[in-house]
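As recorded in TrEMBL, the features of this protein are as follows:
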type	residues	note
BINDING	LEU20, ASN27, LYS162	xanthine binding site
DOMAIN	38-162	domain 'Phosphoribosyltransferase'
BINDING	ALA134, HIS135, GLY136, ALA137, ALA138	5-phospho-alpha-D-ribose 1-diphosphate binding site
Amino acid sequence: MQELKKKILQEGRVLSDQVLKVDSFLNHQVDPQLMVGIGKEFSARIHEGYATENKKVTKILTIESSGIPAALTTGLELDVPVIFARKKKSLTMTDENYVSQVYSFTKEETNDITVSKKFLDADEHVYIIDDFLAHGAAAHGLIDIVQQAGATIAGIGIIIEKSFQDGGQKLRDLGYPVHSLARIKSLRDGIVEFMEDEHS
Ligand code: G4P
Ligand code: NA
Ligand code: NA
């Protein structure tokens, strides 16, 4: 997605060979117009998928916090509800929950993520969205929750995939359609290098 790549080049800061800081439009301050564009783009990729799949997406699932804006604009395009998995159990979360463990490579700790059973049924067809894809720990936690519900997965939408880490490959090897709007090949020497792909 050209507009997103431009934004990354203009405003992203390479903190190390592994980490890109994009807090001016994605992880702290949020660019609403860009998020609307991202919602349209994910929606277009989902509609392409309908050519080979006859089930329609019924729900979007993301994880708090940075996945929420793009999940919302995508849900608006598709006219389906958006769920965000919680990282901390809320006070009012007294219902039965689906819980999965997510290992954070950056924090080196495992945390529970939680979704109320009330919002995910076996007949849902779920599209998963997250802001970054690194090793895929968060995506695997969300997949686990969808599977616990007995629901199916339509695909995985990622805003920024770091293709030099193994999360994307693992998800594609499992057969999930992965829609990444910007795929970063390398962050070496402080330079953002994108992968060549057909959806640029
Ligand atoms: P993984 O889920 O793909 O395995 O990655 P990891 O454990 O490394 O991710 C921990 C957090 O760091 C996640 O956000 C993830 O989105 C984010 N992250 C990973 N790589 C990058 C990067 O290069 N740049 C930025 N800006 N973030 C990265 P989180 O802690 O869950 O926070 P939130 O922003 O969603 O609230
Ligand atoms: Na994040
Ligand atoms: Na995230």
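Any Cβ shown, glycine's included, is placed from N, Cα and C.
TrEMBL does not curate its annotations; it predicts them automatically.
Using a 10 Å Cα-Cα cut-off around LYS162 (xanthine binding site), the binding-site residues ALA134, HIS135, ALA137, ALA138 reduce to ALA134, HIS135. Residue counts for the domain 'Phosphoribosyltransferase' (38-162) under DSSP, helix first, then strand, then coil, are 39 helix, 46 strand, 40 coil. Distance between Cα atoms for ALA137 (5-phospho-alpha-D-ribose 1-diphosphate binding site) and LEU20 (xanthine binding site): 18 Å, as a whole number. A Cβ within 8 Å of the Cβ centre of LEU20, ASN27, LYS162, the residues given for xanthine, is found for these other residues of the same chain: GLY12, VAL19, LYS21, VAL22, LEU26, ASP131, PHE132, ILE160, ILE184. Comparing the binding-site residues HIS135, LYS162 on other C-beta atoms within 10 angstroms of each C-beta gives the minimum for HIS135. Among the listed binding-site residues, namely LEU20, ALA134, ALA137, ALA138, the Cβ with the most fellow Cβ atoms inside 10 Å is that of ALA138. Residue annotation for xanthine gives LEU20, ASN27, LYS162. The furthest Cα pair among them is separated by 16 Å. A separation of roughly 16 Å, to the nearest angstrom, links the Cα atoms of ALA138 (5-phospho-alpha-D-ribose 1-diphosphate binding site) and ASN27 (xanthine binding site). Within the same chain, residues at least six positions away from GLY136 (5-phospho-alpha-D-ribose 1-diphosphate binding site) with a Cβ under 8 Å of its Cβ are ASP166, GLY167, GLY168, LYS170, LEU171. A straight line from the CA of ALA134 (5-phospho-alpha-D-ribose 1-diphosphate binding site) to the CA of LEU20 (xanthine binding site) spans 11 Å.
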